[in-house]
Amino acid sequence: MEERHKRILQRNRVNLVSDLNPSDMYDGLLSKGIFTQDMIDEIKRSGTRRDQARQLVRDLETRGSRAFPALIECLREKGQHSLPDLLLAGEPQSQPLPLPVHVRPVVRPLPVCKYAYVVKYHLIKVVIFITAPEREFGKPRATGRVRRDSIQSYKMDASPCGHCLIINNVDFEPQSELNNRTGSNIDCDKLERRFQSLNFIVLVKRNLKQKQIRQELSALSKKDHSQCDCCVVIMLSHGTEVSHNRFPGAVHGVDGPNVPVQLITNYLNGQNCPSLQGKPKLFFIQACGGGERDTGFEVTPDEDRPCIGGTDDQTDAMPMSSSSDSLSTPSDEPDARATLPTPSDILVSYSTFPGYVSWRDTQAGSWYVETLDNVLEDNAADNDLVTMLMMVNHEVSQNSAKGLYKQMPGSFNFLRKLLYFQVLPCQRPIQA
């Protein structure tokens, strides 16, 4: 919501709380896409009519530039003309309120260039000319240049670029029957510094219960992201398998109950967080995807590399019973097999393949986070995110735990464009 509209609501809050009938607004604000049904249900639970009106006005301020015009329209549709007149009294008459405009994107042809390839068939030389976008053939990208939104890459030049929420669960309550995650603070510190260097506002929350995880995600979804280009959520916790129809897996609160990854992503989708519509939403999950341990398979000598895992490796799976090697056996709840919808502009990066454990060194942190941090440090200035995640996949796949077990990260990618991070010339923390 624009600042001037926020000020109007704040200036007239007493009158709105006194005179507004929230029940008349719900259907209109829902049909106009300003509120979701879950948000309306939450407002209804806030108490009396005055309490509901107060909460409705407060939530409106987080719902983007269309929220104020939609409120005015709903008030007039219900015959409450005195409130719109009061709210518009300070508005310039020559500048009507903006209404939703459906704009068709303008697609311009990409610059092309010809590349000659010489193919020799015995004594015949054939020259093949291929016409393709310049960027496709690896022309180096100028470091630090301003990037506007295009059909090739997301706009990522806002300052700050966006919000980054890190939830780091280390110390688990006894009734959860989950071990403490020694080494996770190392992961958390690395990722906090890394995303600050990528110009994100980083907020770290530690040792959250299931309900607190959902509250933090809900608060993030209610922020006004209209001046940001991206949003990042990082979950560091124990994990398990759950039935799903979109994104597999779940992460545990320190009290034991879990939050499905599918629900985590839903908080920031285009319906629940309108100010992030069309913008990339990135989720990094350092947690087990299930209980299986991958022993890998034999490879040719040129693919074989020394393992870097050690005796301090632990899993991030939910323990079910003890095993001979003192590592807890993760759960093996089966995953559902369902069709996969395509929520746009979302990428979920998992530390391990669904169904398998994820390894963490108690002294150096998890394989996945350590590798992700190194790859971002070395390559973020020149490579897009998906390319860098393939680098992470390759590097982690070379490790071995206790000389035996392997790990394979992966991602569910529904981004529509390439994503290049900002890289600040020097690391400077941005206060959350």
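Heads up, the Cβ atoms here are built off N, Cα and C, so glycines get one too.
TrEMBL does not curate its annotations; it predicts them automatically.
What TrEMBL lists as domain 'CARD' is 1-90. In the predicted model, residues of the domain 'CARD' (1-90) average a pLDDT of 84.
For 160-292, the entry in TrEMBL reads domain 'Caspase family p20'. With DSSP states grouped into helix (H, G, I), strand (E, B) and coil, the domain 'Caspase family p20' (160-292) comes out at 38 helix, 36 strand, 59 coil.
Other Cβ atoms within 10 Å of the Cβ of H238 (active site), summed over all protein chains shown, number 30. Annotation source TrEMBL lists active site at H238 (among others).
Residues or ranges marked as active site by TrEMBL: C288 (among others).
Here TrEMBL flags 296-306 as compositional bias 'Basic and acidic residues'.
Residues or ranges marked as region 'Disordered' in TrEMBL: 296-341.
Among the features that TrEMBL reports, compositional bias 'Low complexity' is placed at 319-331.
The feature domain 'Caspase family p10' is assigned by TrEMBL to 336-421.
For the domain 'CARD' (1-90), the DSSP-based tally of helix, strand and coil residues reads 64 helix, 0 strand, 26 coil.
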